[in-house]
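Structure first, then comments.
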């Protein structure tokens, strides 16, 4: 009579745990995902509004926000949209130390497990195929995987990049430990043979790169990418233009979504034939080049040297002659560019920084340049460091911080769903003054 009925749910599979970690909205119908994201972006804008009020800025507009928030613009592609995936090598749920997949768990909890990404919906099948082949290769290798650098081992990450043109680039990261040049050459030859003549040939790689790296993340300057097979670049088409992509160049992870985003940027720039467009954190030049036909001049700034080379190639290949690209940190390059700016033409700035946001010197330079009356800020994490930038752009002038320029004001916010099935959104904020 008093017996308790057990109704505990079965433990989720490792595949489900991975899907829940990487794509937490994957079970929701797409329209519900968009609604979840709209509410999260609204909360971010509410926080921004409150912070502006704390600065003594009367920011409240009808609707309780500092500016109108439009509905989330949906992604044209919902599944398999990623053009770049990074796979780790670590111990799998079955104990295999050479499992190629994505992490479940945390280092703090010491419960990290590497799970194959076969059931993750935002990763295309081509990426999963390359990951499976890489696992097959390293499982037959006498060399161990490198899980902790100080414990030895060699095989590390795999990055796969694909394009709508059908190109596939694979980049394999390898810890050399104490191997000599002859032993390294042997491993590179075996990799090349596997992916060109062996079982990995099914991947039909356009480019196969190898990087000897003793750090968690390495740039090309720190550890050059070595081309083992194929073409040095892959190519993507976006808004009727062709773009060259190097191994470490930034390119929006959702190409079809990027087209929609860049079209909106073009509309909000309100560019005329005499406008100068300042493209800060320009990557391979996609935004500036896609808008070059609307403006008189494009000036791009990018820290990754190889991306600038790509941008210059992209401009020349597409017959675009009104673009110039500058390599270096934006906080070093931009003050020099704008210090003696005397061009009478309207100057519109577009910034698309990493999650770390813009350096304060960049914001200060933008604020202190009177010619910039319109600014578009694209952020993949507006609740993070970008929020600091938003406040720096809008706060009252502060001579102590050498912030003398007139403040900007937020005018419009548009979220773009560049990452279906995840909680992330790309927010486009328009500022004017």
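Yeah, the Cβs are placed from backbone N, Cα and C, and that goes for glycine too.
Now, the feature entries from TrEMBL:
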- 252, 302, 352: S-adenosyl-L-methionine binding site (BINDING)
- 380: active site, nucleophile (ACT_SITE)
Students should find that the Cβ of the residue listed as 'active site, nucleophile' has, within 10 Å, a number of other Cβ atoms equal to 19
Taking the Cα atoms as reference points, how far is residue 302 (S-adenosyl-L-methionine binding site) from residue 380 (active site, nucleophile) in Å?
17
Count the Cβ atoms, other than its own, that fall within 10 Å of the Cβ of residue 302 (S-adenosyl-L-methionine binding site), considering every protein chain shown.
27
Rounded Cα distance, in Å, between residue 252 (S-adenosyl-L-methionine binding site) and residue 380 (active site, nucleophile) is 10
Cα-Cα, whole number of Å: the residue listed as 'active site, nucleophile' versus residue 352 (S-adenosyl-L-methionine binding site)?
9
For the recorded S-adenosyl-L-methionine site formed by 252, 302, 352, which further same-chain residues have Cβ atoms within 8 Å of the site's Cβ center?
250, 251, 281, 282, 283, 284, 286, 287, 378
Cβ atoms near residue 252 (S-adenosyl-L-methionine binding site) (within 10 Å, other residues, all chains)
24
Tell me, how many other CB atoms lie within 10 A of the CB of residue 352 (S-adenosyl-L-methionine binding site), whichever protein chain they belong to?
22
